[in-house]
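Lifted from TrEMBL, the feature list:
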- A:247-256: compositional bias 'Polar residues' (COMPBIAS)
- A:257-284: compositional bias 'Basic and acidic residues' (COMPBIAS)
- A:15-220: domain 'Cytochrome b561' (DOMAIN)
- A:245-284: region 'Disordered' (REGION)
- A:9-32: transmembrane segment (TRANSMEM)
- A:52-72: transmembrane segment (TRANSMEM)
- A:84-105: transmembrane segment (TRANSMEM)
- A:125-146: transmembrane segment (TRANSMEM)
- A:158-178: transmembrane segment (TRANSMEM)
- A:198-219: transmembrane segment (TRANSMEM)
2 protein chains.
Amino acid sequence: RKMEDYGRFLALLASTLLVGFLSVILSLVWVFHYREGLSWDGSLGEFNWHPVLIITGFVFIQGIAIIVYRLPWTWKCSKLLMKFIHAGLNTIAMILAIVSMVAVFDFHNARNIPNMYSLHSWIGLAAVIFYSLQLFLGFAVFLLPFAPVHLRVALMPIHVYSGLTIFATVIATALMGITEKLIFALKNPAYSASPPEATLVNCLGILLVIFGSLILWMASRPHWKRPPAENAKILRPIAATPEGTEVESTMTNSNADKSDLRGNTEAVRKQNIKFDEAGQRSTM
Amino acid sequence: RKMEDYGRFLALLASTLLVGFLSVILSLVWVFHYREGLSWDGSLGEFNWHPVLIITGFVFIQGIAIIVYRLPWTWKCSKLLMKFIHAGLNTIAMILAIVSMVAVFDFHNARNIPNMYSLHSWIGLAAVIFYSLQLFLGFAVFLLPFAPVHLRVALMPIHVYSGLTIFATVIATALMGITEKLIFALKNPAYSASPPEATLVNCLGILLVIFGSLILWMASRPHWKRPPAENAKILRPIAATPEGTEVESTMTNSNADKSDLRGNTEAVRKQNIKFDEAGQRSTM
């Protein structure tokens, strides 16, 4: 049963990577076959860095960064190493997103096109700001060794939620950007005449939605989480009781269905229940 | 501490309702103050039903349908009643979404504008189809009394995931639709000149993102779930052991942090762990 589940995870991961690579390739086909290619001279070739870098960095690399803890062959690596990889991939994604924004501002300024007027630009800029904040806070709280355990436990659900929400928002913003670009760029034949470029880029948009959905599915399955590690021992608040060890051993047996933090709060909750029960029994 | 958490939930619910109502009002201001109002005669007034009905039905009512199980004052109502309300609200949302699509097709046909060429239309149609499928499957599996318990347990995580993913996709599609409409409708001054209408509708888009984020936060907090009810008794597979009752009573004590289905599988898992432990002890 466990091998079957492992196979299912691998199949899903392979599909996700395939859809992600295909998206990057389609963005390159769009830019090189139908548009002006890539350059850095204030021309449309500079603008074209925007979709390519957003899809490569802000969608594909961010997506991989989100599920990097789920890869079963990394479970023997230390949690710290995995945190560095998670933070590193997100840093690369952030840099690419910022460079891709610079490309658009540069292009707009060279052509006297106003900046920041569209809903795409408003939500996109907000997404980059929140993403940077998330990265900074994640670094300060979960990677640096200074934050106390109760703060990490309290912030982890918020970190997960805001990470996934920002990721979804980035994909939504990419879809708006595709819509804008196709309307502006396609004249004679127009977007509404469905030329091959329109069909190709619509398919790119669909792939982005599928990629996002697959990442969110893999990230939200509790039984695909990295199993609780030894640091659960450090985190466990009530260490003196023999029941503590019992609870932990059952956690390790139940395996792979809780992250260390969630597993830990779960253990604490179970212990509290046990204490409650004990209390009730003694008053009975 | 429980009252504090209840207060936090109410504050968040009030903010969500406020943002949702504001979105509906802004869509009406857009249509009546800046556009051609509402009519059903193949004119732009008919098109305008599209944003109004999507925001009212497919975003606002769908959002409320998603969190209806979380409202603490409904926890004394039967689960069946709540399922009817959940299904009923989603049915209303589906009908409004379909009517709003008919309005666009009608308008396009009256003006000889091609249908289904844009990414907005592709993803939007897919969202309506998946939403209808989700509603149909949810009705057949969770509302009708025929599906066996193990099927309900297996499908519940998929139902939750696809519901939330479709909801997020609907909001992304609305943002694309807003982008399209502002580019097409605003000429002299153009969208890029940021006339008041552009600013108002950009703000509407931001409100939709905030509304969606709030709904997803409320829906994904485990401790805000409807507490497990008596039907946990029916669902509980190993009913004969005295440990079964003990596990259930601890579940009810721990309260409000598991849905009945999740709570149930959790209880089964705990029991299995207990049995495993017992087995290990006997071989020791």
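Glycine residues also receive a Cβ, built from the backbone N, Cα and C atoms like all the rest.
All annotation found in TrEMBL is predicted automatically rather than curated by experts.
On a predicted model such as this, the values are computed, not experimentally measured, just so you know.
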Folded-back contacts onto the transmembrane segment (A:125-146), same chain, C-beta under 8 angstroms, at least six residues removed: 58, 62, 83-84, 87, 90-91, 93-94, 97-98, 101, 116, 152, 155-156, 159, 162-163, 166, 169-170, 173
Annotated stretches the transmembrane segment (A:9-32) and the transmembrane segment (A:158-178) touching (3 or more Cβ pairs under 8 Å): no
Confidence summary (mean pLDDT) of the domain 'Cytochrome b561' (A:15-220): 98
Interface present between the transmembrane segment (A:52-72) and the transmembrane segment (A:84-105) (three or more C-beta pairs under 8 A): yes
Contact set, same chain, for the transmembrane segment (A:52-72): CB under 8 Å, 6 or more residues outside the stretch: 6, 9, 13, 16, 20-21, 23-24, 27-28, 31, 38, 82, 85-86, 89-90, 92-97, 99-100, 103, 131, 163-164, 167, 170-171, 174, 177, 204, 208, 211-212, 215, 218-219, 224-226, 259
